[in-house]
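Okay, handing you the structure first.
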Amino acid sequence: MSPGQKEALPVADRTPPLGVEELHALVAAGDIDTVVLAFPDMQGRLQGKRFAARFFLDEVLEHGTEGCNYLLAVDADMNTVDGYAMSSWDRGYGDFAMRADPATLRRLPWNEGTAMAVADLAWEDGSPVLAAPRQILRRQLERLAGHGYTAQVGTELEFIVFRDTYEHAWDANYRGLTPANQYNVDYSVLGTGRVEPLLRRIRNEMAGAGLTVESAKGECNPGQHEIAFRYDEALVTCDQHAVYKTGAKEIAAQEGMSLTFMAKYNELEGNSCHIHLSLADADGRNAMAEGGGMSDVMRHFLAGQLVALREFSLLYAPHINSYKRFQPGSFAPTAVAWGHDNRTCALRVVGHGRSLRFENRLPGGDVNPYLAVAGLVAAGLHGIEQRLELPEPCPGNAYTADFAHVPTTLREAAELWENSTLAKAAFGDEVVAHYRNMARVELDAFDAAVTDWELRRSFERM
């Protein structure tokens, strides 16, 4: 390194996994015959179409395709529901345009002869669909860029593997399934070896899809595992997260197995999705590090996280099941607190120098990464713009200390979100109303459901 040369912040290769010209060549050679074009919906699931590869190149890549706008206005079961301003029976359930982002082209090794691109959504006049998760994140990243920073993000998804097919799991009402491990295999090389054929295939095929694989390890709940990927720019990471989550399920199904990312499958440890974030400045340096510690930028950014955390919890924990993770002593947070390498806090500061970053420990495996990262960026920008002071860290057990509490139910989180002036200022009234309605729809469905717990409690004895 020559004198005066900047030390670059290490990031993953940003070269698109598959270029347009390379795709043309693969299609001409007959190696690719199908292209998936998909966008993340409100739950972070990929929705879209499969195209003949030649038609995709000749028509769709330049002009886009259409999709019914109800795809951002349905419940998790794809039922039409009331309350969304952008899409309804009264508005005729028209279309929006799905426009491929060429930078997201990649092969899908688990689907023979298949490539994929992620789409952005636009209305007929070309204006973006504001409630689309990818657009929500783009808007916050543009705001961050206005301050001279880019967000570097990594997500850590946990999942539980079962030796049952998805079809059997459905028929069994998702009860009585056989986990791939019989006991806690956290960090166990022996225990994870039993699931290694599946985990190895997932790792290798994700690498073939352009993701940079780091490692895999066992977790605490029987059958629970985690595969880690290298961090990257925020939008790239969120796209990769969505591809990985879908692809892992497809690969498991092909192997006659199933896996779940739901936040709390049973009364044991839940599936987390800790999100790590750092900021890079225009020179590629870690803007959060200064003089062997945290910079003022990081302190303000982290202070913003604390101020907004309760009001933005809907973005980090979007479902009823999400809130069942938040139990004392569970490694899932209950306290709105931060600490140095302290896993009892909602916000954990880790790393040193150029690797210095913070981790938000609220999200579970059911998180929509686009919305969660948008929330992290918006909260941090509030801290920077208001120059918020960071309180002292929690030095011990945040579970038993006197801190504000993470919301304990989706209902509480939805009310905080709906009444948040900070959320409305950062995201706009349309987005706040849209995702408040998403929570209302889920709450109404749950309130009307008769649960197994009620049957066991009341069938004979009441």
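Here the Cβ of each residue, glycine as well, is placed from N, Cα and C on the backbone.
Not my notes, these are from Swiss-Prot:
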- Glu156, His274, Glu359: Mg(2+) 1 binding site (BINDING)
- Glu158, Glu219, Glu226: Mg(2+) 2 binding site (BINDING)
- Glu214, His276, Leu277, Ser278, Arg343, Arg348: ATP binding site (BINDING)
- Gly270, Arg325, Arg343, Arg361: L-glutamate binding site (BINDING)
- 30-126: domain 'GS beta-grasp' (DOMAIN)
- 133-462: domain 'GS catalytic' (DOMAIN)
Could you check which of these binding-site residues, Glu226, Glu359, Arg361, sit within 10 Å of Ser278 (ATP binding site), going Cα to Cα?
Glu359
Using DSSP, would you call Leu277 (ATP binding site) helix, strand or coil?
strand
Inside 8 A of the center formed by the CB atoms of Glu156, His274, Glu359, which other residues of the chain have their CB, for the recorded Mg(2+) 1 site?
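Checked against the 8 Å cutoff, the neighbours are Gly154, Thr155, Ser272, Cys273, Ile275, His276, Arg348, Asn360, Arg361.
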Of all the binding-site residues given, Arg343, Arg361, which has the fewest Cβ neighbours within 10 Å once its own Cβ is left out?
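Sparsest of the binding-site residues Arg343, Arg361 by Cβ contacts within 10 Å: Arg343.
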How long is the line from the C-alpha of Leu277 (ATP binding site) to the C-alpha of Glu359 (Mg(2+) 1 binding site), rounded to the nearest angstrom?
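With distance taken Cα to Cα, Glu359 (Mg(2+) 1 binding site) is 6 Å from Leu277 (ATP binding site).
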In sequence order, which same-chain residues at least six apart have a C-beta under 8 angstroms from Glu359 (Mg(2+) 1 binding site)?
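In sequence order, His274, Ile275, His276, Leu277, Leu347, Arg348, Val349, Val350 meet the Cβ cut-off.
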Please count the residues of the domain 'GS beta-grasp' (30-126) that DSSP assigns to helix (H, G, I), strand (E, B) and coil.
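Per DSSP, the residues of the domain 'GS beta-grasp' (30-126) fall into 18 helix, 37 strand, 42 coil.
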For Glu156, Glu214, Glu219, Glu226, listed as binding-site residues, tell me which one has the smallest number of other Cβ atoms within 10 Å.
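Selected from the binding-site residues Glu156, Glu214, Glu219, Glu226 on minimum Cβ neighbours within 10 Å: Glu214.
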Would you list, in sequence order, the binding-site residues among Glu156, Glu158, Glu219, Gly270, Arg325 whose CA lies within 10 Å of the CA of Arg343 (ATP binding site)?
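Checking Cα-Cα distances against Arg343 (ATP binding site), none of the binding-site residues falls within 10 Å.
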Spatially speaking, which of the binding-site residues Glu156, Glu158, Glu214, Glu226 is closest to Gly270 (L-glutamate binding site)? Use C-alpha to C-alpha, please.
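Checked the binding-site residues Glu156, Glu158, Glu214, Glu226; minimum Cα distance to Gly270 (L-glutamate binding site) goes to Glu158.
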Between the Cα atoms of Arg325 (L-glutamate binding site) and Glu214 (ATP binding site), what distance do you get, rounded to the nearest Å?
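On Cα coordinates alone, these residues lie 26 Å apart.
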